[in-house]
Amino acid sequence: MSLVMISENVKLAREYALLGNYDSAMVYYQGVLDQMNKYLYSLRDTYLQQKWQQVWQEISVEAKHVKDIMKMLESFKIDSTPPKASQQELPAHDAEVWSLPVPAERRPSPGPRKRQSAQYSDCRGHNNRISAAVRGPHRPSSRNPNDKGKAVRGREKKDQQNKGKEEKSKSTSEISESEPKKFDSTGYDKDLVEALERDIISQNPNIRWDDIADLVEAKKLLKEAVVLPMWMPEFFKGIRRPWKGVLMVGPPGTGKTLLAKAVATECKTTFFNVSSSTLTSKYRGESEKLVRLLFEMARFYAPTTIFIDEIDSICSRRGTSEEHEASRRVKAELLVQMDGVGGATENDDPSKMVMVLAATNFPWDIDEALRRRLEKRIYIPLPSAKGREELLRINLRELELADDVDLANIAEKMEGYSGADITNVCRDASLMAMRRRIEGLTPEEIRNLSRDEMHMPTTMEDFEIALKKVSKSVSAADIEKYEKWIVEFGSC
């Protein structure tokens, strides 16, 4: 439960009460009291519980005052209604006093009539004279001055209505312009479209290029493949068209997925995060439809980057005895969509491109045709000594370090460690001071520790202990295998 939300709701309730909008104020007061009840149940500290109970009592008193005001206003409305006059209260009829005239009904004026006879007109004039004598002398109408005011008010009202209509139409047009474009799912299953739309990363992963240590060549290539074609669309045409596919190869934990997150953050393109579960279905023929739908949606939302992590699980080598017919059809559809006759057509505008960014730890299992379509195949190696030191600085930038910590010395000791291994070492070392502080304490004593007591600087000894506990996860034989493959099939 967010304390900021509770305070904001209390503020709104009080503002509505001050403005006289008591109905809205009561809604907010009721919501605040419910939120505070939930928060009270989650508290373990008795002192804090007492404080919050006092606050709850004060808020409930305020809500009661607002409720009393609402009741009082309601009683005013009931008392102010005039009582209907009964027949007995009417004054007695006096025979010598004329009764009030019955209000005449206004009827629409009839159309042109035929000329009436003289006899009828004489009778009508005679009757008019009698009625005029009965009514008395003619008096000037008292409604004339107000007619002008009514006309002015009518014009003002009409102007306000026209103005309101213009503002409404303007706001609706602005809303329609600000609304994101929606893919037309005609001809496709609605559930399939929604499943793929969920894989569009609309939230910002918040990973910048500076958050990735080393890997200068990989970052340069991704910028050239994704960012530059949008900045210089006139240049990237013909033979200089942007790369359609980039394959990142390397041992686990070297930053391949992190590079994809940086592309999603920095490149401002529509980013599809696709896995094998996204493109597989138990129904026959539906997986191929998913692949085709994915690329059609990517072209609609272009410029687009489709990131396929662990692509070897989707598009492994064809023709093996263990291959199933369904997976073979999915691979064929993926290859056609990437570079087929009816698939990835070359658009004249390079800013509307669709790029496939793939990552794998088993490049030797990928199909040859897919390897050809992934035009750039780059090796993401283990971090160098400079990269390891930079990684240590990035991971430890929020921690307080002791004066005896030498990051260059620690980086030398971590030769052969991947980026994920270095992060694990930093995490383990950062917890050492806390482990020493709570050793031998009861749970109640641990709960009562202050924040300053827990935030102690990490020492060089902590890193040495962490290095003994965390070993490297990549063997030298694996590194040799990756380097041999990249020498044979690499395209940096």
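Just so you know, glycine gets a Cβ as well, placed from its N, Cα and C.
Quick caveat, the model's predicted, so the values are computed rather than measured.
Gly253 (ATP binding site) counts 22 other C-beta atoms within 10 Å of its own C-beta, drawing on all protein chains shown. What Swiss-Prot lists as ATP binding site is Gly250, Pro251, Pro252, Gly253, Thr254, Gly255, Lys256, Thr257.
The annotation compositional bias 'Basic and acidic residues' is assigned in Swiss-Prot to 145-171.
Sequence annotations record features per position, and here Swiss-Prot assigns region 'Disordered' to 80-186.
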Three-class DSSP secondary structure - Pro252 (ATP binding site): coil
Secondary structure at Thr257 (ATP binding site), reduced by DSSP to three states: helix
Fewest-neighbour residue among binding-site residues, criterion Cβ within 10 Å, set Thr254, Thr257: Thr257
Cβ neighbours of Gly255 (ATP binding site) where a neighbour is any other Cβ within 10 Å: 26
Packing count at Lys256 (ATP binding site) (other Cβ atoms within 10 Å of its Cβ): 26
Intrachain C-beta neighbours of Pro251 (ATP binding site), sequence separation six or more, cut-off 8 angstroms: Asn361, Leu382, Ser418, Val474, Asp478, Ile479, Tyr482
Pro252 (ATP binding site): tally of other CB atoms within 10 A of its CB: 13
